[in-house]
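A.B. asks: The structure is given below, and queries will be raised subsequently.
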Amino acid sequence: MLDGSPLARWLAAAFGLTLLLAALRPSAAYFGLTGSEPLTILPLTLEPEAAAQAHYKACDRLKLERKQRRMCRRDPGVAETLVEAVSMSALECQFQFRFERWNCTLEGRYRASLLKRGFKETAFLYAISSAGLTHALAKACSAGRMERCTCDEAPDLENREAWQWGGCGDNLKYSSKFVKEFLGRRSSKDLRARVDFHNNLVGVKVIKAGVETTCKCHGVSGSCTVRTCWRQLAPFHEVGKHLKHKYETALKVGSTTNEAAGEAGAISPPRGRASGAGGSDPLPRTPELVHLDDSPSFCLAGRFSPGTAGRRCHREKNCESICCGRGHNTQSRVVTRPCQCQVRWCCYVECRQCTQREEVYTCKG
């Protein structure tokens, strides 16, 4: 994908990108971008089959761990929602990192190597995956695509004289409970497992923090005698921006050897850490992303990324950073694009074709 493309271009790509989620070991439940199996292209909509069997086969195609497969089979709408969640997560990850050296490369061998280490990038993958699943499930409930959940009734919010609860809110209560059970928790003695689980929860908490109450007025002549209100999730792009900020301020915890950075040593617990037995728990109470290892530079091709040689960059914005001081090539090309578009009655858009010359910058090898 081209760096610097508008968000709309990334969202349009969703029609052709649907990724397979996977689970790993019996002791752990992993999801989407954090699975070790290859991300495989699947149809977003299920093929027409006998209604009673279609979602069973879809869940089997996802190659889930036993518990996850059982949860998938409970509701005919889960399989399609899981696939949608992975697609959302992948697209948002690539959009948020489009100007970075690591541009959320999800090719199998790079992703597999990355997930074996506790980098900041790994933390982001866990958080964006759990956030994507939480968001997609809550929306699927309110859209009527699930059998075991419907709209959010918000029983914890007080009805007031001036307004009443109504509409169809996104069911965050159901989705967050489902996600925590779906992802599971590994042994608390395993620091890496606890770090991964912590980052999963950060994704869920960011979704919760973005919930807003939306209201619609009812009354004579535009008055607001009665308001109908419901809870609505923030657009997933806003969630992605929030998680990207958390990635940039991620906290390093624990004690580990950094093969990627060539360093080793004990790390002091971060601010706001939880007090475990003997005060030894390094994980923070606050919803911050945490990591164990220093990230590699991602400048050169290696185990964790294909490097930045040949990457497109923006001369005034990020060429110096992305190209790692190697400089960049400049290529001039002529492009033709629709321009001066007008809507004609009825009902089509008429555009002229405008030709212009533009310069493309790519990193030197």
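The backbone N, Cα and C atoms fix where each Cβ goes, glycine too.
Annotation source Swiss-Prot lists disulfide bond at CYS93-CYS104, CYS141-CYS149, CYS151-CYS168, CYS215-CYS229, CYS217-CYS224, CYS299-CYS324, CYS313-CYS319, CYS323-CYS363, CYS339-CYS354, CYS341-CYS351, CYS346-CYS347. The feature N-linked glycosylation site is assigned by Swiss-Prot to ASN103. Swiss-Prot lists SER221 with the feature O-palmitoleoyl serine, giving similarity to another entry as the kind of evidence. Per Swiss-Prot, region 'Disordered' is recorded for 260-287. For 1-29, the entry in Swiss-Prot reads signal peptide, with the evidence type sequence analysis.
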A.B. asks: Sort the disulfide-bonded residues CYS93, CYS104, CYS141, CYS149, CYS299 by C-alpha distance from CYS341 (disulfide bond) and give me just the closest.
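C.D. replies: That would be CYS93, the closest of CYS93, CYS104, CYS141, CYS149, CYS299 to CYS341 (disulfide bond).
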A.B. asks: Rounded to the nearest angstrom, how far is the Cα of CYS149 (disulfide bond) from the Cα of CYS323 (disulfide bond)?
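C.D. replies: Rounded to a whole number, the Cα-Cα distance is 49 Å.
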A.B. asks: Could you check which of the disulfide-bonded residues (CYS313, CYS339, CYS354) sits closest to CYS299 (disulfide bond), going Cα to Cα?
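C.D. replies: So, spelling it out, the nearest of the disulfide-bonded residues is CYS313.
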A.B. asks: Among the disulfide-bonded residues listed here (CYS215, CYS313), identify the one with the smallest other-Cβ count within 10 Å.
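C.D. replies: Counting other Cβ atoms within 10 Å of each of the disulfide-bonded residues CYS215, CYS313, the minimum falls on CYS215.
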A.B. asks: Measuring Cα to Cα, how many angstrom lie between CYS149 (disulfide bond) and CYS229 (disulfide bond)?
C.D. replies: 19
A.B. asks: Around CYS217 (disulfide bond), how many other C-beta atoms are within 10 angstroms of its C-beta?
C.D. replies: 12
A.B. asks: For CYS104 (disulfide bond), write down the residues of its own chain that are at least 6 apart in sequence and whose Cβ falls under 8 Å from its Cβ; none is a fine answer.
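C.D. replies: Non-local contacts for CYS104 (disulfide bond): ALA90, CYS93, GLN94, GLN96, PHE97.
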A.B. asks: Spatially, and counting Cα to Cα, which of the disulfide-bonded residues is closest to CYS319 (disulfide bond)? Options: CYS141, CYS151, CYS339, CYS347, CYS363.
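C.D. replies: Checking each of CYS141, CYS151, CYS339, CYS347, CYS363 against CYS319 (disulfide bond), the shortest Cα distance is to CYS363.
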A.B. asks: Looking only at C-alpha atoms, tell me how far CYS224 (disulfide bond) is from CYS168 (disulfide bond), rounded to the nearest Å.
C.D. replies: 19
